[in-house]
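**Student:** Got a structure for you, written out below as structure tokens; questions coming shortly.
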Amino acid sequence: MWLNNNVTEFILLGLTQDSVRKKIVFVTFLIFYLGTLIGNLLIIATIKTSRALGSPMYFFLFHLSLSDTCFSTSIAPRVIADALLKNATISFNECMIQVFSSHFFGCLEIFILILMAVDRYVAICKPLRYMTIMSHRVFCGALVAVAWVGYCVHSLAQIFLALSLPFCGPNVIDHYICDLQPLLKLACADTYVVNLLLVSNSGAICTVSFVMLMFSYVIILKKALSTCVSHIIVVILFFGPCIFIYTRPATTFSMDKMIAVFYTIGTPLFNPLIYTLRNAEVKNAMRMLWSKKLISDDKR
């Protein structure tokens, strides 16, 4: 059961309080968010319409782009809008929704990255068995469905942790998003147990997933360096900041906000670039999609 709180809304300090820097934040994040939407939605449309991209790798890439789009949308629009306000506030309920959605889509991305690593491992290290192991679309769909359900449970756990915190007065969050770490700082109670649960939940997911991914890529690197370099870049950009934020005691640093930008805004933008610029099949499918659009426009 959750506690009665005197706080009905929080004040978000954002990345900066300087009016000029706020305008820079607005322009930068708007460009990044639009780039994220265009890149990921283009990948989604390309994979959905192209018969040539029917392998499990592109099935997982489709869901990665979908989770990136949703993850970015759960954070970026509010940051962009808040940059135009002198005092940015977020209601308690909206804060809880943001905690749920950011953890849900963030963890979904983690699991899909693991599935993509497994797919690359089987394709490179077990090529003769690849079609047997990874060919079943239903099997791959079931894995993604399990991820959706599993990380829904994880995100609900974050909500229960947040709702268990009593907020008696202080409501200024020195961050640009609602998350458990900055919320712990505002709670008027001992947060040792909650922080321990946070580390054992989110921290463990980030750390264990990172170790698994790097171990698999070390094995793959021995056989195909060029294939996995882009994947490794994505993993380091996403997991490095996550591990720094979620695997330490309940302390906050001034650099936390800038570090969080890497996995909340940067990774969803870089993923479509990293996974398409070095992929001839995706680029060819995008050209065909664009050609079909031009032909259909000419017929009108």
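Keep in mind that glycine also has a Cβ here, set from the backbone N, Cα and C atoms.
As listed in TrEMBL for this protein:
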DOMAIN    39-275  domain 'G-protein coupled receptors family 1 profile'
TRANSMEM  24-45  transmembrane segment
TRANSMEM  57-76  transmembrane segment
TRANSMEM  96-118  transmembrane segment
TRANSMEM  138-161  transmembrane segment
TRANSMEM  202-221  transmembrane segment
TRANSMEM  228-246  transmembrane segment
TRANSMEM  258-277  transmembrane segment
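I'd like to know what surrounds each of these features in this structure.
**Tutor:** Through the fold, the transmembrane segment (96-118) approaches residues 57, 60-61, 63-64, 67-68, 70-71, 74-75, 78, 90, 140, 143-144, 147-148, 150-152, 154-156, 158-159, 162-163, 177-180, 183, 202, 205-206, 209, 212-213, 216-217, 220, 231, 234-235, 238-239, 242, 263-264, 267 of its own chain, all at least 6 residues removed from its boundaries and within a Cβ separation under 8 Å.
Within its own chain, the transmembrane segment (258-277) is flanked in space by residues 15, 29, 32-33, 35-36, 39-40, 42-43, 61, 64-65, 68-69, 71-72, 75-76, 79, 102, 106, 109, 175-177, 179, 230, 233-234, 237-238, 240-242, 244-245, 283, 286, which lie at least six positions past its ends and keep a Cβ under 8 Å from the stretch.
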